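Asker: For reference, the structure I am asking about is given below.
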Amino acid sequence: MAESNKNFKKSSQKMVHEIRCRLFSDLTNEVVSEDIYSTLKNNEHAQDLNWILIEAVKQEKYDILEKIVSAGIKLTNYPNLYIETAIHYVICFRHIKYREKCTSDLNTSNIDVVNLLFQIYDEANFQNQLGFTHFQAACLCGNVEMVQKFIEQGVDVNIAHAKFWAKYPLFLAICSKNEKVVEMLLKHGANPNASDNLGSTCLNRAIIQGDVKIVEILLKNKADPNILDKNGRASLHEASQGRSAEIFEMLLKERANPNIFDESGKTPLHYLLSHDSFTLEVLKRVEILLENGADANIFCKNRMSSLENWHFNFDSTLVEILILLFKHGATLFKSEEYYLSYIIDWTENEKCLELLELFLQKGANPNARDLMIGDTLLNRAISRYRYGPIRVLLDYGADPNIVDINGKTPLFRAVENGNFQLVRLLTVKGADPNKFNGICETPLHKAIVLEHLECVALLLLYGADQNVQRYDGKSSLEIALDNYNVEIIVVLLEFLLESIVDNRSETFKIILKKVIDSNLTCSRNKLLLHFVVRRQKDKIMRTLLECGVDPNAIDDDGKTALHYAVYQSDEEMIEVLVKYCNPNILDIDGYAPLHLAVDQGHIGVIEALLKNGVDPDVLDGNAELVCIQFVKMDCIPVLTMIIIRIYWN
């Protein structure tokens, strides 16, 4: 008997399946007979109709759905509301990943299919075995008409679904982004502060979606922006994670607490400043938070302040953010002084300088050192040619004589760089020009070696002592003579002469004689007198001569210092030189100084030479007398006048 019943049941199921398949096949025809529609309208075939609808969805035969809708067929008086419908299939098993928060799978075409099916399933609130109802489907698809019908039927707008991610209908409506459905549910008692099965509140879900209008609706319907969701975040925490700027501002206007902590003790400000990069949008939000009362000094549970979050992500936007924090009362912590070196590296505009100044105003040590290499801030700025931060550091008390790990002072570094502007700034601010580096070398010594003439002059002006000896026992002048930069030598001699006053010229002579005696073995230094004469340094020339410099030394052109005095037409220097030198030495062109004077036609120079005992009969390289030159130059009257002046006066 049991076997017979079993066979009958199988036979019946097979028959039912065949009938359904035949009906489905007939519905695929272009023209469907009225008999088919009449059959489907019969309540006895409600289960068959549901099977056909599911199959049509599975096979994407949406034209069948349209035919059924056009025929006015509705699935009513179904014996059981706890069934799986085509709507459930579209939503729960085909187009949405069940229990996941991703709703983007329900695209416009899928929603159109569900709304088309609602015209067939009509008002029955079917529920599948997972507990998902047509009411929830209507909320998710934003079907205002169906939601209204179900509410009128008395459905619970706060019905919870233990497994589906959205849990409450309001979350589904929020995901549908249908403002009317959201308003309708709230109007009929939906809880605006409920949480979904993923832990988000309604407000946070709308914020994640960036739906400004729905956030506004929720806030107007008493959604609390300061409730922490099950993930431990309030609405401002969520909005601080790259969400809509309009929503961010709206929350603050609607009582959101700018200093609210999440479960780990972080405020919205911490969230904003924990990004890998800082955009202008982040800058704007930081400013808005601070203007709305955010505390720039709040610590989170791990004792990290907002200011400490910036780490190495240093860019121009961060500079402005840090300025904002300081201007709104942020406190500088000792550990943050380390980052001053990064600020110096970026000080290419006024904003960076402003930030550096704020750091120093907040108590940062202007003499702090880089933790990695021990470099001082001042030396770091100098090595990067940052004039602005050097000025600021000095204004706030940076020691201009502090040494780096190599024993170099800021002034020494500036001289090494040949930066006259920085050398001047440092000396004005009190840098010691006589302070040694680690190898017993002063800034003046280094400036001479590197031939930075302007720096040499400036250092001397601010008190650099020429007599201080380098590691090898040489003074500045001796180093200059070794290096043989004549311009620097002349500057040194001038300053040396001017520094010895009150009739102490003998002191100058003693110093100079010692230097000259030790350096005259160098052939180049024998020509020092030439360059002094060429630059018309009368006092130095006289002193050199008195100290025993060879007045007859010749250069590569065979010229003595007197030759160059003639070129300069300097009668006073000529009168001094002829007392010390041989005035008749011929250069490689065969000219004595007198020949050059005649050639130039300078009467005063010729007079000066002849007056001081120069031999008028000296022969040039062609064995010709000076008078022959005059004849050749047709200058007999001039010669006559000179002879009269010299010998008859």
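Each residue, glycine too, has its Cβ placed from N, Cα and C.
From TrEMBL, for reference:
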type   : residues : note
REPEAT : 130-162  : repeat 'ANK'
REPEAT : 165-197  : repeat 'ANK'
REPEAT : 198-230  : repeat 'ANK'
REPEAT : 231-263  : repeat 'ANK'
REPEAT : 264-301  : repeat 'ANK'
REPEAT : 373-405  : repeat 'ANK'
REPEAT : 406-438  : repeat 'ANK'
REPEAT : 442-471  : repeat 'ANK'
REPEAT : 524-556  : repeat 'ANK'
REPEAT : 557-579  : repeat 'ANK'
REPEAT : 589-621  : repeat 'ANK'
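Set these features in their place in the structure for me.
Answerer: With a cut-off of 8 Å between Cβ atoms, the residues of this chain six or more beyond the repeat 'ANK' (130-162) that come close are 85, 87-88, 91-92, 98, 103, 106, 111, 114-115, 118, 121, 123-124, 168-170, 172-173, 175-178, 180-181, 184-185, 188-191, 194, 197.
Counting only same-chain residues 6+ beyond the ends of the repeat 'ANK' (165-197), those with a CB under 8 A from a CB of the stretch are 99-101, 103, 135-136, 138-144, 147-148, 151, 157-159, 203, 205-206, 209, 211, 213-214, 217-218, 221-224, 227, 229-230.
Through the fold, the repeat 'ANK' (198-230) approaches residues 101, 165, 170-171, 174-175, 177, 179, 182-183, 186, 191-192, 236, 238-239, 243-244, 246-247, 250-251, 254-257, 260, 262-263 of its own chain, all at least 6 residues removed from its boundaries and within a Cβ separation under 8 Å.
The average per-residue pLDDT of the prediction over the repeat 'ANK' (231-263) is 93, rounded to a whole number.
Packing against the repeat 'ANK' (264-301) from elsewhere in the chain are residues 232, 236-237, 239-241, 245, 248-249, 252, 258, 307, 309-310, 313, 315, 317-318, 320-321, 324-326, 328-331: each is 6 or more residues past its ends and has a CB under 8 Å from a CB in it.
Taking Cβ pairs closer than 8 Å, the repeat 'ANK' (406-438) reaches residues 376, 378-379, 382-383, 385, 387, 390-391, 394, 400, 444, 446-447, 450, 452, 454-455, 458-459, 462-465, 468 in its own chain, all 6 or more past its ends.
Helix, strand and coil content of the repeat 'ANK' (442-471), in residues and according to DSSP, is 16 helix, 0 strand, 14 coil.
Outside the repeat 'ANK' (557-579) by six or more residues, the chain places 529-530, 532-534, 536, 538, 541-542, 545, 551, 585-589, 591, 593, 596-597, 600, 602, 604-605, 607-609, 611-614 with a CB less than 8 A from a CB of the stretch.
Residue counts for the repeat 'ANK' (589-621) under DSSP (helix as H, G, I; strand as E, B; rest coil) come to 17 helix, 0 strand, 16 coil.
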Asker: Please list the DSSP helix, strand and coil residue counts for the repeat 'ANK' (557-579).
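Answerer: So the repeat 'ANK' (557-579) is made up of 15 helix, 0 strand, 8 coil.
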